């Protein structure tokens, strides 16, 4: 992680809670961290809570609502939001997010181990992509000074590829997408549809559904 406020741009002095390894205002005077400009932090908590709800409700009947779990996750989100905005401690956010991800991992492993073993490929691929992003994110944090020095010595097109925090966003987004497919596959299979994973243009995975099975 870099020291805050290494450069001042259009928006004035840097006052954000976090300032990552990407240099501020190097691409444009109007955007502090050009490559990292994606939704972050608290929306990660909210979206992960939705994933948790879906994974724990995938074996329920249609149109059922688990109000206890829903209330728990909403309360958790509100508490995390309030505390984080109050203390502005990045480690707190990371621990809370890590708890949600750990819950998802345990639930997913249970499903591919005991319920639908043939989904291991999709389940473990989503986890592997996510962990690769996590690895690059830590490399970006630990070796920030070395990466900045390296970027100054190489052409911009190569320097861009070392923005590992931005890769973290891309890979966690892809990992999340694959996990959504995993959740959809699990749910629709339980509802007696016949889902299949297909690849658009031989690259991008999607799920197609065949007609509902008759009882």
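Backbone N, Cα and C atoms are what each Cβ position is placed from, and that goes for glycine too.
A TrEMBL annotation is a machine prediction, not a hand-curated record.
Over in TrEMBL, the protein carries these features:
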- 165, 169: Zn(2+) binding site (BINDING)
- 65-85: transmembrane segment (TRANSMEM)
- 97-116: transmembrane segment (TRANSMEM)
- 122-143: transmembrane segment (TRANSMEM)
- 164-185: transmembrane segment (TRANSMEM)
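In this chain, the transmembrane segment (122-143) touches the transmembrane segment (97-116); three or more CB pairs sit within less than 8 A of each other, excluding pairs fewer than 6 residues apart. If you count neighbouring Cβ atoms within 10 Å for each of the binding-site residues 165, 169, the highest count belongs to 165.
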